[in-house]
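Visitor: Take a look at the following structure, please.
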């Protein structure tokens, strides 16, 4: 009989990538000062993070099948801890960039490895219940990360943040060694990677969904990337920036509840994605108009509501034509949209224009939502 992993451990591993990234965000201003670089350069550490994360999703996803789930997760967590140690000790900005990319590559195992283990262990309604619990945990993880990061940064700067990340990696690695079972089936179906890549590159719906996922994520993570410098300009501490994570978490939860309600009202996923795109555009306009005031955080709530509304509906239908190769296709889809996210955040870091970026993304999402397989139509309310 297969041993089920601790649900608490699985939740912690799933939350790990989001927590460590949002913990890092409040330290951006401290990093800019400590390494004597400008905000544009400091912000690029976030875009490079997602470039490396995208390749980590694919590599760890394949390694789960090749060497097993347990050793893959332990290896990824160990790499993250060592990379964070390098970031803590280095005095060179280019080495910090290398360390951030290595840590991103390692952190990717938390997402793809945990999902693989959950799909090995649970089936049907039980799997749905487990993922619903994890969805709640993921909704609160940015708040945990931002509050932790802002507190550490407030007391001891970016070095305290990296020290905290190292400790977290050590705890999760030891916990995984002690409690994480191997769940890989004896006979793993091997799907040719190259044929799947070619199939997905030719699939217009994959590209549309990859761009939609990337744009919604750019809207969210550009706040984590650019807002710390805005708060600094307004004379507000990074601790205050950390508290905004609570407000954004409320928005994600509200978006998830709205999604649940509208599905009961017979809305379909294409309609919900179109609605989320409209909310993003109008919220982006609000951020643009209030960008020179700390009040811009309030229209940002609309951005995260749209995120919570759209992402589950895009992901649930993105791979319906790849049921015979879900693991490989899921890893490749992750590669596509994380690469796009990395490019988007590189542009965001270069421009330092949050409101304009949100308007551009919102406009693009509306266009993409109009070209979905099932055209959005006016829903019938019950």
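Just so you know, glycine gets a Cβ as well, placed from its N, Cα and C.
Got these off TrEMBL a minute ago, pasting:
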| type | residues | note |
| --- | --- | --- |
| DOMAIN | 1-382 | domain 'Major facilitator superfamily (MFS) profile' |
| TRANSMEM | 46-64 | transmembrane segment |
| TRANSMEM | 71-89 | transmembrane segment |
| TRANSMEM | 95-118 | transmembrane segment |
| TRANSMEM | 130-148 | transmembrane segment |
| TRANSMEM | 160-178 | transmembrane segment |
| TRANSMEM | 206-224 | transmembrane segment |
| TRANSMEM | 240-258 | transmembrane segment |
| TRANSMEM | 270-290 | transmembrane segment |
| TRANSMEM | 296-315 | transmembrane segment |
| TRANSMEM | 327-347 | transmembrane segment |
| TRANSMEM | 353-371 | transmembrane segment |
Visitor: Report yes or no: does the transmembrane segment (240-258) come within contact of the transmembrane segment (130-148), defined as 3 or more CB pairs under 8 Å with a sequence separation of 6 or more?
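Guide: Contact criterion met.
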Visitor: For the transmembrane segment (270-290), I need the partner stretch with the highest count of C-beta pairs below 8 angstroms, choosing only from 71-89, 130-148, 296-315, 327-347, 353-371.
Guide: 296-315
Visitor: Averaged over the domain 'Major facilitator superfamily (MFS) profile' (1-382), what pLDDT does the prediction give?
Guide: 86
